[in-house]
Amino acid sequence: MSHAVTFNHNKYRPFTPVSKPDRRWPDQAITTAPDWCSVDLRDGNQALVEPMNAQQKLRLWDLLLSVGFKQIEVGFPSASSHDFAFLRQLIEEDRIPEDVTVQVLTQARADLIGRTFEALKGVRRAVVHFYNSTSTVQRRDVFKLDREGIKRIAVEGARLVKAEAAQHPETEWVFEYSPESFTGTELDFAVEVCDAVNSVLEPTPENPVIINLPATVEMSTPNVYADQIEWFCDHVTHREAIKISLHTHNDRGCAVAAAELGVMAGADRIEGTLMGNGERTGNMDIITMAMNLYSQGVDPKLDFGRMDEVIAVTRECTQLPVHPRHPYAGELVFTAFSGSHQDAINKCLARRSPDEPWDVAYLPIDPADIGRNYQEVIRINSQSGKGGVAYVLQRDYGLELPRWLQVDFSAAVQGLAESSESEVGSEAIYQLFTDTYLNSRNGWSLGNYQLQREGEVDALTVTLHHGGKELTATGRGNGVVDAFVDAMESVINTRVVLVEYSEHTLGQSADAEAVCYIQLNIDGERPCGVGRSNDIVHASLAAILSALDGSGIAMTKAA
Ligand SMILES: CC(=O)SCCNC(=O)CCNC(=O)[C@H](O)C(C)(C)COP(=O)(O)OP(=O)(O)OC[C@H]1O[C@@H](n2cnc3c(N)ncnc32)[C@H](O)[C@@H]1OP(=O)(O)O
Ligand SMILES: CC(C)C(=O)C(=O)O
């Protein structure tokens, strides 16, 4: 394969690690949920091919409330009349619950800040989130300003939001400042700018400012981001009066990991979106991070118990598909196709008692917790093994196949899966089971039989049908199974050894059907058979005949 001349890694530079020999975050664990802020209606919306209409925004807003978000960034009202109108609608229709705070974004620019406060008029409580880019590249190429110039934008923004807020004391104001493109900003400069902003805002522990440190572009491994967060927390002034918020993007695929390590490094708050929708590769996926906490026994303070509804509404509003393997939410994430996984899941679920902590191989959480059922856990294709097939027959048809029959039957399922080159559904598996063991394969069927007890010995006379002909056989033995094996030995004139026998009823009642599973040894061949009847004796005889019938060679001697 020839390489395109443009595919040249020499064009790029590695990220600079943070020199931090005293790092503490690797020893931390997350034991409580951070404060969550959904930015679906702002960062998520600004990244959509077709931004949400008013109806879709309301739908998503209601969903976010029902999941339990207490802080929701609802838009950039100074940038768009739609965002402005949506915020007005929430305020004027009194749609913001007492315990929920709306947040709005604005650049640190006078006209935009003025318009932002217009949009917020009459709101009970709000987070005003202002930002300006501080990164080296944006300073050089976008703003063409030095550090002082960039700091001035931030400080002026802080002064303006504070002044605007002071004119509306009826509202409870919270300020949030982002040194946008924090991950491309020298750490000392990020601290310098945020300190300067805070010297205007004058936060206190009772009235803290939110300092949001965005990985506007994810530029390094998550450990470096965590180092940056810890370094920032160690050096910023008035840490006790600041809520450190994180807002990670997923350019390198590690937005959730970065946010998690960032929380370990001292952050209090997380901004993100459902399913990680957002600019480019998206924002941090709050579902994944919250469910990661949940799976560790930490209350995520968000309720994803109705995951399918969350997915349906999000998909409808964003018009974005959900990957079938999206963590926790995707259609296939609790499904095992491969044999060894199925076998392990099957055994763990069978052994598990419901009052013990969840500990099931390959399933990090109980699918039932998010409204999924076990139906989807095990699905069958050519990668599947006997355990999975047995699980499906047990789950859907109550058949408890003994291990040796699982082995025998899995070859048939494998053959079907390979020839069909597709998934094999539960009904097709059952049909194959019926065709393989329950329907006569070579035309033999059981007619009447008579059993007589003579002392310690049972004598059996049985009628067999084949191709319109009738054949009577007799046998003696210790019990009816033994007597029938004896009768069949005389029919095929070959030694028949009963190797395995297993039975169960299909239900609790006295007249419940019985299922009998048999394995024979005939000249080294080990045919298996299954019989099913309201009468256990009939089921046993039918199973033996099924095994003989299926073996083909044996019964040709009788035909
Ligand atoms: C990482 C993020 O997601 S940040 C949020 C991004 N979201 C959005 O941008 C929402 C949609 N944006 C918009 O509709 C528009 O950009 C507006 C209304 C906000 C601004 O519109 P305009 O002023 O017409 O245009 P534009 O966005 O191109 O503005 C760029 C100007 O603002 C300046 N600017 C950009 N960001 C900031 C900032 N945070 N603070 C101060 N000035 C800024 C730029 O230097 C540039 O200045 P110049 O015109 O002197 O060259
Ligand atoms: C405005 C900021 C927080 C942002 O959206 C980003 O940096 O991605």
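From the backbone N, Cα and C atoms, a Cβ is placed for every residue, glycine too.
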Further binder of Mg(2+) named by TrEMBL next to His247, His249, Asn283, taken from the candidates Asp35, Asp43, Asp482, Asp486: Asp43
Additional residues around Mg(2+), ordered along the sequence, whose Cβ is within 8 Å of the centroid of Asp43, His247, His249, Asn283: Val39, Pro214, Ala215, Thr216, Thr248, Ala255, Glu271, Gly272, Thr273, Gly278, Glu279, Gly282, Met284
Site with most surrounding Cβ atoms, counting all protein chains shown within 10 Å, from the binding-site residues His247, His249: His247
Reduced DSSP assignment, Asn283 (Mg(2+) binding site): strand
Mapped DSSP class for Asp43 (Mg(2+) binding site), helix or strand or coil: helix
Candidate with sparsest Cβ neighbourhood (10 Å radius) among Asp43, Asn283, the listed binding-site residues: Asp43
For the region 'Regulatory domain' (440-559), residues assigned helix / strand / coil by DSSP: 33 helix, 55 strand, 32 coil
